[in-house]
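Student: Straight out of TrEMBL:
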BINDING   R80, R124, I125, G126, T127  phosphate binding site
BINDING   Q203, R205  substrate binding site
DOMAIN    40-289  domain 'Nucleoside phosphorylase'
Amino acid sequence: RENFINLCNPHLEKMKEDILYHFALGTGTHDFPTLFGDVKFVCVGGSPSRMKAFIAYIAEELGLSSPGCDYPNICAGTDRYAMYKVGPVLSVSHGMGIPSISIMLHELIKLLYHAKCSDITIIRIGTSGGIGLEPGSVVITRQSVDATFKPQLEQVVLGKTVIRSTNLDEQLAQELMQCSKEIGQFNTVIGNTMCTLDFYEGQGRLDGAICLYDEEEKLQYLKNAYESGVRNIEMESSVFAAMCNLSGVKAAVVCVTLLNRLEGDQISSPHDVLVEYQQRPQKLVGYFIKKSLGKA
């Protein structure tokens, strides 16, 4: 099955029906090849509203929109995740943090497998905290690293710790970087992304409900991260990279930075500025998809 999804679970072949519970979809109730067989690009992000905005944006960019057109939530039978589709593009929300995106990815990968999709590219678009970058900079992830700066995901399976690689597709990262140069609208870098288990202590913030370290210790940690190649911090990239690697899917992480963590902890930019920042990964990935389809 060259260029198809590599499903790392022999047990699924023995099942008469596969229920994707958190999507409210199932192979016994839905025709996956008809619904999703033409998908080539999957974009995932934390917020349902952001992913709906992205599908409307990409529809416009690809010339597939029409006046007053709405995009129904394919997963309307559940409130866990939202999914939208236009042409060869699927847009899916994943919630916040490793557990939430992990559940979504298990079911997304199975969906793409059951739909017999091939040559799939999956890109996470989102927000992050920057290190040593001006707010509004876009980071294309080379490797996702853990809070000790190691490029790996530690997962406990059946009581044993399993280590999985978190490298991302280098060629895809370079293609996205070239797209950003062609757009020429915002600063973009390729760097490592630190994936943490929470937003406050795990990212060295001083403004959480619990903080048992001082500002000097925090700044030293963030400087060490920068020196190791880390340029931004978020909470999903490690399991995203690991699961895409195991499934044989080309993947990238493209996140905008909302602040420079060396200068503070709280996001204080005006709402309209933040909205424009959040559109930058959409613009970059939208241009990449248009170019890949020969429409740029």
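Cβ coordinates are placed from backbone N, Cα and C, and glycine is handled just like the others.
Where the annotation comes from TrEMBL, it is an automatic prediction and has not been curated.
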Student: For a quick check of packing: other C-beta atoms within 10 Å of the C-beta of R205 (substrate binding site), how many?
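Tutor: Around the Cβ of R205 (substrate binding site), 17 other Cβ atoms lie within 10 Å.
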Student: Rounded to the nearest Å, what's the C-alpha distance separating R124 (phosphate binding site) and Q203 (substrate binding site)? Just drop the number here, would you?
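Tutor: That comes out at 20 Å between the alpha carbons.
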Student: Going by C-alpha distance, which of the binding-site residues R80, I125, G126, T127 is nearest to Q203 (substrate binding site)?
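Tutor: For Q203 (substrate binding site), the closest Cα among R80, I125, G126, T127 is found at T127.
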Student: Non-local Cβ contacts of T127 (phosphate binding site) (under 8 Å, 6 or more apart, same chain)?
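Tutor: G46, E234, C255, V256, T257, L258, Y277, Q278 - these are the non-local Cβ neighbours of T127 (phosphate binding site), listed in sequence order.
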Student: How big is the phosphate site in terms of the longest C-alpha to C-alpha distance among R80, R124, I125, G126, T127, in angstrom?
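Tutor: The two farthest binding residues have Cα atoms 20 Å apart.
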Student: Compile a sequence-ordered list of residues in the same chain as I125 (phosphate binding site), six or more apart from it, whose Cβ lies below 8 A from its Cβ; state 'none' when nothing qualifies.
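Tutor: I125 (phosphate binding site) has long-range Cβ partners C43, V44, G45, F54, V254, C255, P281, Q282, V285.
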Student: To which of the binding-site residues R80, R124 does the lowest count of other Cβ atoms within 10 Å belong?
Tutor: R80
Student: Taking the Cβ of Q203 (substrate binding site) as the centre, how many other Cβ atoms fall within a 10 Å radius?
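Tutor: There are 23 of them.
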Student: Do you know offhand how many angstrom separate R205 (substrate binding site) and G126 (phosphate binding site) by C-alpha?
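Tutor: Rounded to a whole number, the Cα-Cα distance is 20 Å.
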Student: Output, ordered by sequence, the same-chain residues six or more apart from G126 (phosphate binding site) with a CB under 8 Å from its CB, or 'none'.
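Tutor: The answer is G45, G46, E234, E236, V253, V254, C255, V256, P281.
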